[in-house]
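A.B. asks: Before I ask anything, let me first share the structure, which is written out below as structure tokens.
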Amino acid sequence: MAAPKVAVVGAGIVGLSTALCIAETCPSCSVTVLSDQFSPNTTSDVAAGMLIPHTYPGTPIHVQKQWFKETFTYLFAISNSAEASEAGIHLVSGYQVFKNAPKEELPFWSDVVLGFRPMSRAELQKFPQHRFGQAFTTLKCDCPPYLLWLEKRLKATGVQMYTRKVADLWELHSEYNVVVNCAGIGAHQLVGDEKLFPVRGQVLKVHAPWVKNFIRDGDGLTYIYPGIHRVTLGGTRENGSWSLSPDPGATKDIFDRCCSLEPSLRGAQDIKVKVGLRPSRQSVRLQREVLSQAGVKLPVVHNYGHGAGGFSMHRGTAKEAADLVGECVAALQGSSSRAKL
């Protein structure tokens, strides 16, 4: 058969990474990214881009660890290359502090990040409200630069990108052999996934160049994540809220909570407010499906529902999705060769 045509729906971190993995692992495929929004207007552009996993209750821990490890290894290599600055990827050290010691003193990802250890008594003195803490070094992606870097890599490998709103995956069946659904929160409407729900996140991006270390409250709700140019302060977790309008009350609350962890932030300037909807479900939906109408079949690979863990897991899930696309293509080629016999 001619070069199989693959459409990836969605141009956030998951969509672009999946398209890149498909282009790398299936070089015979012609890959196209279709999305109604590209950077800087995606949910991924709002994300802090810190590689600190959250846990999916419906996904086995060993699978989550593999996704995280592949993502960390991939980004760590970029951080040690001449492309680090353009891609917006850098190492950042800091602290995760707890008011009470957590049930698990060693999270599943503790041996993937660098130098994970309990905080010393002297380090904890900076946080009088907290009784336990962990220090480690991880990676941070500054989101718009990283998305633009991915787009540049895609163009270099011949991937096409078009602004297009896809209302139904089936509308692509006459143009593409395989469709990959990376629509994020858009999958709620696109494929009618009732298990997918928005968790509204509001963050502040501030100018505070003296803040060099990250600080994260143990429950993950309050955090200070320094990037190359701006510091991200967070956050909120509002289940089921679809509102993209900034909430001034939440802005004040986030700022006050972050200042209680790092009082010097009172001097932060140029505060910008951003809102995004995390595409959340009990587990990432990463699977093959075959849609069929009137005897016509359309192989689909789903890769969405990463919630707050998109950056931490994106490369690992993209690789797995690309493998599933490879299986779809092999099945198509097998059936076309059988048809010729």
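Each residue, glycine too, has its Cβ placed from N, Cα and C.
Per TrEMBL, FAD binding site is recorded for THR43, SER44, VAL166. Residues or ranges marked as D-dopa binding site by TrEMBL: TYR223, ARG278. What TrEMBL lists as domain 'FAD dependent oxidoreductase' is 5-324. For 1-19, the entry in TrEMBL reads signal peptide.
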A.B. asks: For the domain 'FAD dependent oxidoreductase' (5-324), what's the mean pLDDT in this predicted model?
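C.D. replies: That stretch averages a pLDDT of 95.
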A.B. asks: State the non-local partners of the signal peptide (1-19) in its own chain: residues 6+ outside its ends, Cβ under 8 Å from one of its Cβ atoms.
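C.D. replies: Residues 26, 28-35, 37-39, 42-44, 47, 143, 146-147, 150-151, 154, 159, 161, 166, 169, 172, 175-184, 186, 190, 303-304, 306, 310-311, 314-315, 317-318, 321-322, 325, 329, 332-333, 336 contact the signal peptide (1-19) from elsewhere in the chain.
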A.B. asks: Between ARG278 (D-dopa binding site) and THR43 (FAD binding site), what C-alpha distance do you get in Å?
C.D. replies: 7
A.B. asks: Please report the Cα separation of VAL166 (FAD binding site) and TYR223 (D-dopa binding site) in Å, rounded to an integer.
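C.D. replies: With the alpha carbons as reference points, the distance is 35 Å.
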A.B. asks: In sequence order, what residues of the same chain, 6+ apart, have a Cβ less than 8 Å from the Cβ of THR43 (FAD binding site)?
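C.D. replies: Correct list: GLY12, GLY184, ILE185, GLY276, LEU277, ARG278, PRO279, GLY310.
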